[in-house]
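Among the features that TrEMBL reports, region 'Disordered' is placed at 97-168. Annotation comment: TrEMBL describes 108-119 as compositional bias 'Low complexity'. The domain 'Ig-like' annotation in TrEMBL covers 154-262, 367-445, 459-532, 978-1066, 1188-1276. Summarising the annotation, TrEMBL assigns domain 'Fibronectin type-III' to 781-877, 879-974, 1075-1170.
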Amino acid sequence: MPEPGKKPVSAFSKKPRSVEVTMGSPAVFEAETEKAGVKVRWQRAGVDLSTSNKYCLATQGSRHTLTVRDVGLADQGSYAVIAGSSKVKFDLKVTEAEKAEPVPDQTPTPAVTPGTPGTSEAPTAPAEAVPSAAEQEGGSPNLEGSSSTALDGPGSSDDPIGLFVTRPQDGEVTVGGSITFSARVAGASLLKPPVVKWFKGKWVDLSSKAGQHLQLRDSYDRTSKVYLFELHITDAQATSAGGYRCEVSTKDKFDSCNFNLTVHEAIGPGDLDIRSAFRRTSLTGGSRRTSDSHEDSGTLDFSSLLKKSSSFRMPRDAKLEAPVEEDVWEILRQAPPSEYERIAFQHGVTDLRGMLRRLKGIKRDEKKSTAFQKKLQPAYQVNKGHKIRLTVELADPDAEVKWLKNGQEIQKSGSKYIFESSGNKRMLTISQCSLADDAAYQCVVGGEKCSTELFVKEPPVLITRPLEDQLVMVGQRVEFECEVSEEGAPVKWLKDGVELTREETFKYRFKKDGRRYHLIINEATLEDAGHYALHTSGGQALAELIVQEKKLEVYQSIADLTVGAKDQAVFKCEVSDENVRGVWLKNGKELVPDSRIKVSHIGRVHKLIIDDVTPADEADYSFVPEGFACNLSAKLHFMEVKIDFVPRQEPPKIHLDCPGRTPDTIVVVAGNKLRLDVPISGDPAPTVIWQKMISQGNKAPAGPALEAPDDAAASDEWVFDKKVLCETEGRVRVETTKDRSIFTVEGAEKEDEGVYIVTVKNPVGEDQVNLTVKVIDVPDAPAAPKISNVGEDSCMVQWEPPAYDGGQPVLGYILERKKKKSYRWMRLNFDLLRELRHEARRMIEGVVYEMRVYAVNAIGMSRPSPASQPFMPIGPPSEPTHLAVEDVSDTTVSLKWRAPERMGAGGLDGYSVEYCQEGGSEWVAALQGLTDHTSLLVKDLPTGARLLFRVQAHNMAGPGAPATTKEPVTVQEILQRPRLQLPRHLRQTIQRKVGEPVNLLIPFQGKPRPQVSWTKEGQPLSGEEVSIRNSPTDTILFIRAAHRAHSGTYQVAVRIENMEDKAVLVLQVIDKPSPPRDIRVTEAWGFNVALEWKPPQDDGNTEILGYTVQKADKKTMEWFTVLEHYRRTHCVVSELIIGNGYYFRVISHNIVGPSDTAATTKEPVFIPRPGITYEPPDYKVLDFSEAPSFTHPLVNRSVIAGYNATLSCAVRGSPKPKISWLKNGLDLGEDARFRMFSKQGVLTLEIRKPCPFDGGVYVCRATNMQGEAQCECRLEVRVPQ
């Protein structure tokens, strides 16, 4: 099916036309393609044709020819030509030689294209010709008036999209042609028929335009449970082109579809079919079937030929050629009511009640206005926030006008209302329309006024900033925030599809701040995890909340320290929660802070500082977080300084615990301070040289390198001496005193790692110690992760280890994800991932995500990796549903199915169909590529084979699960007994009025196609007034205008070989009865007259329902009804006036109506005047004054907001009481939103579109001179949920 708004492109530039040839003559069909070299196939009855003695197929460039030699009756039928996805059908009709009309030069004669769509197999009305070419399967519609929608063609889909099964498609038609747009609605799940409206443009309702040239039809197929709605346009003009819309609504659903109509110029003289020009065509009901007989499809009309021939002789504007359209409303206004039904039938008006309502309104406004030349339209509609202009044209340009809103005059204030005057035009412009402007407006000129109603339509509320996914711990506060396009818009919060409300425990808190809406959960629990959504009238926002159990992470643990006497020891650790408190332990006992021992907690960092370290401080130190089962431990080593007695002229010596050539490793965390305190001795005072060995490069001493070792020539050395680095500046410095040398590095870095050589020299000798310093840090950030195996809600994430592990082994990895347009990253794991891959789940299909990864070692967590390439989780569609075998022949199998229940974000690219032998495993493709349709005819199958079929839906994620036939299908024609399916309403006597059409459709079954025969009273049907139309699935008895002679018993039979099924139908054509006979006066006495008559000679072929007896005074001859629906043939007329003469008449009635004439008495009957003297009675003067009292009080009501509500009561009193209405004690007389009515004591208060604030106690008070009375009720206004 082509997409709405896009016109399918045909592969043919010239299409073959249907022709009619005589027996024995050749038939030639020509087609031209847009491009040369296109492969073209010719078919007959779905079977490909090849060159043989009967058929000749020729191709020359882009021109393709099919020649049928020596045409016979067996060659008559439907043919088709296929190029790519375009298919054109045409017909070959064969006539006998004596009946054949001469066809000059054997040129194919195109048939006049009717206004009703059809295919070569679908029956149409007798007055309709078969379209010359109906393009299918992606081809463009026929430009000669064929419909844009084929109901049962390959392009139709049985898959409901919303409420539609098949939507109306774009169409094209020539000027003066006809076209039908069709829409099918699934009715299996509907309790009541849907309401369908057709519009042109935005607001023009076509039901009010229905008439001779525009007809609306509807029907219901009980077999498929599908409603069919049609818009039929005849005699199309250039003004018919434009956009159309079809809206369908049920109790709780709504759907609409837009389509376009293109009207082309009239065809040239070369394309005129001279025989079809004489043929007068007409439309009949909603029929679209073609008779199987060879009758002409219409009568000859010479006047139409003259019009067409004159139009070709004198080319002129197509608008001037259009026939003058009759105004059906003007005809109805001038016609008597008895002619309404006939005029409606003649002009194709189907909604008789709607016609009468509109006609009543037209007649009410029939009086020509003296003040207005052009009044306001009945109603206007405007979107909220836009402006609307109301315009009237006056007869007097100088007249003053007043504009009223709900009966109150509109005053000019600000820029809300703008009053304009231009000549005889008066305009009212309303800016920034709101719901308060939804009201009734009037324009008053003198004593005349015209009214309209303005409807303000609220635009859909859109999501301007979506919700963000959140990851929290148990007990933490959660706040979702979403921004919409309009402030104060109604929204709904849902969790996993269930609407959220304020519970008694106030678990959920809803907050509104302008256009921002917040959902707050104060303390999250594990049960709160799920998908949360915000719904508005124009969309929804979705986010996921993940709640994890509370778990503490250690970003940096405490490390072992080695310090000397009087130095400072600092233990430092960092945890994930800055609100966690803890206790420091020394050898398992709680450490109490004092002036020398300090404990600090800043954010997530906890420190233990020990000043002036002593040997007693050497111990195991631990940090225990409160509320968590974890323990961070480290050991403090005291560096003992051994000082021996050094005599004079003592060689230098370095006093360490473990001096020697074997390096001692000192570990420091990157960013911490490194201080190496080396005690020395010697006399005279030795010179200290610090050197660092670097694995690569030349020796580059940072200070005076005195007598550097020769074996260090392959390494770089930084040498600092007291003179150079005696200042306190610099990150790396050396401080030397008499008895010690201190090497300090502020903020250790990776470059500070290596082997440090401490050399002391004096004239007596030298000493040397190697110290190994290792700097450990968090790992480097890993490279961007790679995404693979993307599924419906999951994907596989892979990454590489970091280039540098920070000097400590990588313990694991942490993975995070976020939506592409979001800034919030959400952690996917709390336990470290040991492997270099992870399957991420619980993603939303159709949303674009990004991933990043952290590496973690004992020191902490690395910086995040670069984000991965954006990706979208997409899953394949589910399996197609309702796969069924529709038909089987000796070589073909017809399959049909419905679309998958779940398409997924990837949409649907098409379907693949495969089959395999029963018991086999090799599946064979039934077609190359994919098909967009939900039905397929699989051809060229071996006869008698038992095959299994399967269908798979495909999208960009790949094929979905297959749907397979439950049982093997035997490829063999199935013999099915003929059976008539007589509808229930045809099983009883069928009544039709004289002149009405008779259209009896009877479905039947049977294979092969049964033969259908009709008889009446045992005799074959004859006459042109009764026509039979047959199709492969049903038969129709059609009578254009029924007569009394058509009454009788009809029998229809379907036969296949020796099997037969019959059905009997009783048709009764009824008419009005004749008048009664022999009316006479049998007796007259006093004030009474006895009448008697005989039943009518003709009862109209139906039962007489009764008689109407009327009388008329001889003086006035005005007839008055005495008795109605009287069943007997004699009656007594009473209460006649003495001294007057009377005529009497009787009218007979049946189900059709009254008789056209009445039976009337020939002579008047006189009522004699007796001699009685009149004595006037004596009347007593009475006082009828009465205090007000309510005979029917007000009752409590509950109404729905937005729908008009009325409160009614009844009051009596004399003199007439004064009425006042109150709400909650306030008088409503000045409020324009309330309208008050009083008619014959019945009081009504109308509340226009109430809101919840209109609820309350309403009081009606009646007052007159005799007293006062009141009644009250309570009104509740409910907001729909």
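Heads up, the Cβ atoms here are built off N, Cα and C, so glycines get one too.
For the domain 'Ig-like' (367-445), the most Cβ-contacting stretch among 154-262, 781-877, 978-1066, 1188-1276 is 1188-1276 (pairs under 8 Å). Of the Cβ pairs linking the domain 'Fibronectin type-III' (781-877) with the domain 'Ig-like' (459-532) and spaced 6 or more residues apart, 3 or more are under 8 Å, so the two regions touch.
Counting residues of the domain 'Fibronectin type-III' (1075-1170) by DSSP class, helix then strand then coil, yields 0 helix, 53 strand, 43 coil. The DSSP breakdown of the domain 'Ig-like' (459-532), given as helix, strand and coil counts, is 3 helix, 35 strand, 36 coil. Counting residues of the domain 'Ig-like' (978-1066) by DSSP class, helix then strand then coil, yields 6 helix, 53 strand, 30 coil. Confidence over the domain 'Ig-like' (1188-1276), given as mean pLDDT on the 0 to 100 scale, stands at 92. For the domain 'Ig-like' (1188-1276), the number of residues in each DSSP class (helix H, G, I; strand E, B; coil) is 3 helix, 58 strand, 28 coil.
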